[in-house]
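A short write-up of the structure that comes next.
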Amino acid sequence: MANPLPPRPDLIAAVATAPGRGGVGVVRVSGPDVGPLAVAILGRLPEPRHVTYCRFLDRAGAPLDEGIALYFAAPHSFTGEHVLELQGHGGPVVLDLILQRCLELGARLAEPGEFSRRAFLNGKLDLAQAEAVADLIDAASAEAARSALRSLSGEFSARIDELVEQLVRLRTLVEATLDFPDEEIDFLEQADAFGRLKAIGTSVAAVRSQARQGVLLREGLTVVLVGQPNVGKSSLLNRLAGFDAAIVTEIAGTTRDTVREAIQIEGVPIHVIDTAGLRETSDPIEQLGIARSWEAVEKADVALLLVDAAHGVGAHEAQILAKLPDVVRLTVHNKIDVAGEAPRATADEIWLSAKSGEGVDLLRAKLLQAAGWQAAGEGAFMARTRHLDALDRAARHIEQAGAVARQLELFAEELRLAQAALAEITGEFSADALLGEIFGSFCIGK
């Protein structure tokens, strides 16, 4: 009986497929000492990048399972290290036996996102690409998946690298002027440095606009439905969801708690929250529901105030509007089928029927407009809030550089800060705490 191999801190293993039962399950191992582990569990080291059908063996040499082994020799692997993938039957017990055998042979259980983190540290992916791995897995729509794949292929990073390169060239001109102050040549004027700075600022704004679309695809928009009881909030939720997500009756106050449903409009996730009708009541349960309604409003991106189209906005609705926080507000005149109105929309009002569906497409368009959504197109890429923050800081430093352009030391420093902000996106400059936060949100097998 073979003795267990000593633990190897640099050898990691994890189940790479989703929990539960399936036809195939994958255990992934990565690290410099994959070879001895492969020999112990397979009886041989498979030929790199070839499919090998074999048995997976326990300590006594008895089979745990049989399946396919794939060996990728460094640096030609996802992590840049030696990688072994064991593809067996997808039952949780079988996969656990294979994983435990790997741990017995000296591997340790991988931390969340550790495979992707190693790929980043070994230069196989930059940080934006590594994040796109998780975004592709979590994509809730075809548009989100396509955008994540573009980021994974490096389109977003290429835009950032281009901006960084332009800043580096501009910084070189400034440094040359500082290093040769007595020369008659004005490097900055000859190279149109200030025109180039303006062009960089325009490019940063364009990239930020695209990144904002990616954030919308990833995070979506939270929309809360508010109004008096029995104005059709639950009916509108059901119409948007396409099924009966909330109970609808003629009895006022049927909805006592918030009801949440996720929908998609042109691939953008919209989180719709139905709330209890806002009114004065002595019912303690309804009071609790109304309190939760206001909590939902505080966290929303858009508040839809529903009113009966036959009555319009009255004193009570005006009070609700006055209490709404600083969010996008749209007044929805529901029940136009009863009031005899036609579907239409103005800047901040919509006339529709949740019951018949008339005018609901106008609402969908308004929600996308409120989100700032533009047609994704072929150039859209996935992005995160931290990317927007970095682009905002870069834009501010570029603007400040223009304000201090004649003070060359300050000009150079603002350009450096803009470059550093952009470099955070791809991970060229990133604190360990940031890396831990990003990769810690990944699943274990990635």
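In case you wondered, yes, glycine gets a Cβ from its N, Cα and C as well.
Over in Swiss-Prot, the protein carries these features:
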BINDING   Arg28, Glu85, Lys124, Lys446  (6S)-5-formyl-5,6,7,8-tetrahydrofolate binding site
DOMAIN    220-372  domain 'TrmE-type G'
BINDING   Asn230, Thr249, Ile251, Thr254  K(+) binding site
BINDING   230-235, 249-255, 274-277  GTP binding site
BINDING   Ser234, Thr255  Mg(2+) binding site
- Query: If you count Cβ atoms within 10 Å of the Cβ of Glu85 ((6S)-5-formyl-5,6,7,8-tetrahydrofolate binding site), leaving out that atom itself, what do you get?
  - Reply: 18
- Item | Coarse DSSP state, helix versus strand versus coil, of Ser234 (Mg(2+) binding site) | helix
- Within 10 Å of the Cβ of Arg28 ((6S)-5-formyl-5,6,7,8-tetrahydrofolate binding site), how many other Cβ atoms can you find? Include all protein chains, please. 25
- Message: Using the alpha carbons only, what distance in Å do you get between Lys124 ((6S)-5-formyl-5,6,7,8-tetrahydrofolate binding site) and Ser234 (Mg(2+) binding site) once rounded?
- Response: 49
- Rounded to the nearest Å, what's the C-alpha distance separating Glu85 ((6S)-5-formyl-5,6,7,8-tetrahydrofolate binding site) and Ser234 (Mg(2+) binding site)? Just drop the number here, would you? 49
- Message: Within a 10 Å radius around the Cβ, which one of these binding-site residues has the most neighbouring Cβ atoms: Asn230, Ser234?
- Response: Ser234
- Alpha-carbon distance [Arg28 ((6S)-5-formyl-5,6,7,8-tetrahydrofolate binding site); Asn230 (K(+) binding site)] in Å: 55
- Euclidean distance between Cα atoms of Ser234 (Mg(2+) binding site) and Arg28 ((6S)-5-formyl-5,6,7,8-tetrahydrofolate binding site), Å: 47
- Query: Between the binding-site residues Lys124, Lys233, whose Cβ has more other Cβ atoms within 10 Å than any of the rest?
  - Reply: Lys233
